[in-house]
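Database features (Swiss-Prot):
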TOPO_DOM  1-48  topological domain 'Extracellular'
CARBOHYD  N8  N-linked glycosylation site
CARBOHYD  N24  N-linked glycosylation site
TRANSMEM  49-69  transmembrane segment
TOPO_DOM  70-78  topological domain 'Cytoplasmic'
TRANSMEM  79-99  transmembrane segment
TOPO_DOM  100-113  topological domain 'Extracellular'
TRANSMEM  114-134  transmembrane segment
TOPO_DOM  135-158  topological domain 'Cytoplasmic'
TRANSMEM  159-179  transmembrane segment
TOPO_DOM  180-199  topological domain 'Extracellular'
TRANSMEM  200-220  transmembrane segment
TOPO_DOM  221-252  topological domain 'Cytoplasmic'
TRANSMEM  253-273  transmembrane segment
TOPO_DOM  274-282  topological domain 'Extracellular'
TRANSMEM  283-303  transmembrane segment
TOPO_DOM  304-334  topological domain 'Cytoplasmic'
LIPID     C317  S-palmitoyl cysteine
MOD_RES   S330  phosphoserine
MOD_RES   S332  phosphoserine
Amino acid sequence: MNEDPKVNLSGLPRDCIDAGAPENISAAVPSQGSVAESEPELVVNPWDIVLCSSGTLICCENAVVVLIIFHSPSLRAPMFLLIGSLALADLLAGLGLIINFVFAYLLQSEATKLVTIGLIVASFSASVCSLLAITVDRYLSLYYALTYHSERTVTFTYVMLVMLWGTSICLGLLPVMGWNCLRDESTCSVVRPLTKNNAAILSISFLFMFALMLQLYIQICKIVMRHAHQIALQHHFLATSHYVTTRKGVSTLALILGTFAACWMPFTLYSLIADYTYPSIYTYATLLPATYNSIINPVIYAFRNQEIQKALCLICCGCIPSSLSQRARSPSDV
């Protein structure tokens with residue numbers, strides 16, 4: 001096991017480099033004088049192509065969200081600021097995956113490795129922290145429904161944004177500032193050049209934030225069910241209608257949290273138990289679903305939002321469909 005390759009987010013895994021060595025190529029191509037002495041062909045790891053494709057899709061989706069929020073003055077409420085933060089973080093994460101692919105095959109150096117891994121760590125950290133901030137905002141908007149739209153809430157939102165981006169940037173700077181395994185391979189994690197300790201801190205931090213999000217969503221479910229019951233009593237809804245509305249709201253919350261866990265939990269747990277000696281295919285197989293979370297985020301948090309849908313329609317066709325303008329919010333719209 002000690003000779004298995006490790007994933008290098010800023011360079012080719014060793015198995016791919018070995019596959020492109022001259023002796024391997026000469027076995028497949030007949031020796032013809034100068035051809036046999038030419039440089040080996042560039043061998044591209046299919047996993048890296050998939051990660052780059054995922055990064056491209058992430059950039060396209062989240063760029064649309066960032067442009068909508070930036071272009072629409074009406075989308076300046078705390079909720080939209082946090083959604084914009086999430087979209088910007090995911091946009092940078094997708095850009096980091098693309099840059100990683102370009103640098104890994106065209107411009108390899110220690111500096112590019114550190115800058116690329118720093119960008120990826122900072123952007124994905126900001127993405128996860130933004131998800132936590134959105135969860136906190138949703139909880140506060142329900143728990144303090146009467147005083148939520150106040151100047152105090154806006155100030156609190158800006159404080160959260162400064163803290164989450166400041167923390168994420170600091171985490172991204174750690175490899176650049178010297179906390180990396182470029183000089184000591186034995187300290188490498190499953191993702192080079194991150195150290196094992198660095199990866200462990202990131203994984204434990206994720207588990208802590210996931211536990212906090214789980215607790216907040218449980219409280220949100222309780223509030224949603226209570227609100228749905230009160231609305232049903234006020235409007236004399238049937239018990240079946242109350243049940244359907246509540247179930248829809250709880251199902252939405254379960255889908256949000258379940259998607260987040262399914263995308264990030266495999267890579268988080270694998271980073272805790274594995275090290276650089278493990279086969280790289282396991283790292284790729286757990287890292288790829290984590291990138292899918294940045295693909296799904298715009299669908300869950302942005303494109304499902306009624307106000308963002310209206311802004312998108314105004315930008316694209318200059319009008320708002322009647323189905324959007326007449327739609328009323330329900331307790332399931334969380």
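Using N, Cα and C of the backbone, Cβ positions are placed for all residues, glycine too.
Neighbour density for C317 (S-palmitoyl cysteine): within 10 A of its CB lie 9 other CB atoms from the protein chains shown. Taking pairs at least six residues apart, the transmembrane segment (200-220) and the transmembrane segment (114-134) share three or more Cβ pairs below 8 Å and count as touching. Panel annotation: around the transmembrane segment (253-273), residues 128, 131, 189-191, 199-200, 202-204, 206-207, 210, 213-214, 217, 220-221, 224, 282-283, 285-287, 289-290, 292-293, 296, 300, 334 of the same chain, lying at least six beyond its termini, place a Cβ under 8 Å from a Cβ of the stretch.
Note: the stretches the transmembrane segment (159-179) and the transmembrane segment (49-69) are not in contact (fewer than 3 CB pairs below 8 A, sequence gap of 6 or more).
Within its own chain, the transmembrane segment (49-69) is flanked in space by residues 75, 80, 83-84, 87-88, 90-91, 93-98, 100-101, 284, 287-288, 291-292, 294-295, 297-299, 302-303, 308, 311-312, 315, which lie at least six positions past its ends and keep a Cβ under 8 Å from the stretch.
The secondary structure of C317 (S-palmitoyl cysteine), as reduced to three states from DSSP, is helical.
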